[in-house]
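The transmembrane segment annotation in TrEMBL covers 25-44, 64-82, 94-113, 119-138, 159-181, 193-214, 273-292, 304-324, 336-355, 361-385, 397-420.
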Amino acid sequence: LDTRKESEVAMVNNNEPPRRVEGKYAAIVVCWLLGNGCLFSWNSMLTIEDYYVFLFPKYHPSRVLTLVYQPFAVGTLAILAYKEDKINTRLRNLFGYTLFFISTLSILVLDLVTSGKGGLGTFIGICVFSAAFGISDAHTQGGMVGDLSYMLPEFLQSFLAGAAASGALTSALRLITKAAFKNSKNGLRKGAIMFFAISTFFELICVLLYALVFPKLPIVKYYRSKAASEGSKTVSADLAAGGIQTPSGTANEDDKQLERKGNKQLLWENIDYAIDLFLVYALTLSIFPGFLSEDTGTHSLGTWYALVLIAMYNVCDLIGRYIPLLKTLKLECRKLITIAVVSRVLFVPAFYFTAKYGTQGWMIMLTSFLGLSNGYLTVCILTSAPKGYKGPEQNALGNLLVLFLLGGIFAGVTLDWLWLIGKGW
């Protein structure tokens, strides 16, 4: 696994752009917003679980919707990761963000058409849009992580922090809308409608940001040109959108420098990172959000309790993704990362006994540590793995790692059902 150390030393210093290239901080902000949009719609659906539990009390929406979402996300990304070197990255990401926008708008329209009535037909419609979110996520999350893996690590960290911020923002918005309409007639539904209206508008903003702003930033054009010079064929449309034409047929068949490692070799060299990501999200999603929504008992916070737990998880997940910005706190040793990942299995008995015997204060603290460790380890793994590879290889590796991440989420939401054993379902 350490056969690339020499090449890492030689190449890592070449990832810094010339000082004259502008747009670094603008790119960081746009990456944060695009990361936010990558999960904003899905987190919106998770965060209004109190509304869906009210509409569909017999269908376990917090668990079922996640279980519907994941097969489409994993299956789509598996295909996209396999064909990554031949896919137009610009069209892929634009399709993903546009589908997010259309699906979020459709959920809003469905609620208005049905006048907020439940029933099996409406629930099936919600499940269809949940599947669409999964397809969108596979396009945008894999595409963006792959795209940013050959740029500055700060861009990828900002994107991942934005993805976590979507959870924190949706939780905050949900608490505000729930409080705003608390005493009005149909207040739960009115809050949910306002919530999805905001989500729809934000997804439209992300479509415009990726289409019109991001490809024109000088530093982004620099890295995409660099990737194209290293043999990448996926960035040509984005370069064209930024006003740079890549000449066709520039690759010399005899030029060994343009040859890239295959997906199998990349995966084998980074199998520990891939398994670590899988385990991180399998553990997290086996607890969040299903267990936190339904299995925490009755407490003084009442219907606010699950929302507070989800909000604390999301806020701490966001904080955890910023900790690696301090180099002294960033975990880069592969063995230590694996040890930290495996040790998180202790969360399972901790949550079980806290739900059974502990007070709500202990549960809130435990949920906070779950989110903090999830965000921290995600950034440490995804920013460390691409070092030492060429642009096309970094793009491919980013897609492969996100595939394992989504696979871990799928495994987690499946394991989440084990909490229902012995509870009459």
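Glycine is no exception: its Cβ is also placed from the backbone N, Cα and C atoms.
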Tell me, please, if the transmembrane segment (361-385) and the transmembrane segment (159-181) are in contact, taking contact as 3+ Cβ pairs under 8 Å between residues separated by 6 or more positions? yes
Interface present between the transmembrane segment (273-292) and the transmembrane segment (25-44) (three or more C-beta pairs under 8 A): no
Long-range CB partners for the transmembrane segment (193-214) (under 8 A, at least six residues beyond its ends), listed in sequence order, are 27, 30, 33-34, 36-38, 40-41, 44, 47-48, 93-94, 97-98, 100-101, 104-105, 107-108, 111-112, 170, 173-174, 177, 180-181, 220, 241
Counting only residues 6 or more past its boundaries, what in the same chain has a CB within less than 8 Å of a CB in the transmembrane segment (94-113)? 34, 37-38, 40-41, 44-45, 122, 125-126, 129, 132-133, 135-140, 143, 189, 192-193, 196-197, 199-200, 203-204, 206-207, 210-211
Counting only CB pairs under 8 A, let me know which of 64-82, 159-181, 273-292, 336-355 has the most with the transmembrane segment (397-420). 273-292
Please give the sequence-distant neighbours of the transmembrane segment (336-355): residues at least 6 beyond its ends with Cβ less than 8 Å from one of its Cβ atoms. 272-273, 276, 279-280, 283, 286-287, 291, 295-297, 362-363, 366, 369-370, 373, 377, 380-381, 384
